[in-house]
């Protein structure tokens, strides 16, 4: 927060949509902060009591603060994840059909409003500001988001290598992606930027396939499917699973220590709920 105040003091505006400025301003990456906010909102919602409780107001305040923070840092992952989780929530409880219809209509109206707004700050939720004038950044008509080139290279590598049984290894994957950037990216400045950043696949599932092979990916997918069906009647656990899987679609969270912490936190929540379930069955 202190860094954000300094930026406003220096520039007169809070332009956190700038990907370079956001790295300097935020202590950790925007996407990881977005996931942290989503987790915080879920935990607060989980902790709220249906009947009156003095602590409910604190949980509600935390939810509001995190929602404001998500919009402040312009975390597209967090915005989309929260909308999806709100939609999924309509499948739980009574009058599911009516609630689901209202939720879909509300999200549709919100999407139309966001797409119709021409203000730059609103557009950052769809794609980042156009930084094509900066020679160091990707030159694209709509956004600075390297994932388009990254995923294109990842898919090309998988096609060229065929069925990856053992994978390329972590170093092999990194080097192969780097070589692909050099071959596929035409713009010299963009190519230089990618070589400097050494981007990974930005998708945990693609990373498992490329680095460890089809067996590792199959085990990961089996765990996700098993966990979902095991806990599908529990909205809170299902929401946590959706949040972490959605994050894995845009980030390699196992490549960062903080990402491993988030995943470990989710496993702890699963174990706690599993023990509660066993205890409740034993007491019957």
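Numbers here mean position along the shown chain, with the first residue as 1.
Cβ atoms are placed via backbone N, Cα and C, with glycine included.
Residues 60-88 are the range that TrEMBL records as transmembrane segment, among 60-88, 118-146. Taking TrEMBL as the reference, the stretch among 10-27, 100-117 described by the feature transmembrane segment is residues 100-117.
The stretches the transmembrane segment (60-88) and the transmembrane segment (261-279) do not meet in space: the count of Cβ pairs below 8 angstroms, excluding pairs fewer than 6 apart in sequence, stays at fewer than three. Within the chain, the transmembrane segment (31-48) has long-range Cβ neighbours (under 8 A, six or more residues past its boundaries) at 55-56, 59-60, 62-63, 66-67, 69-70, 73, 75-78, 81-82, 85, 236, 239-240, 243-244, 247, 250-251, 256, 258-259, 262, 265.
Under 8 Å from some Cβ of the transmembrane segment (205-229) lie the Cβ atoms of residues 151, 154, 157-158, 163-170, 172-173, 176, 238, 241, 245, 248-249, 252, 254-255, 270, all in the same chain and six or more residues away from its ends.
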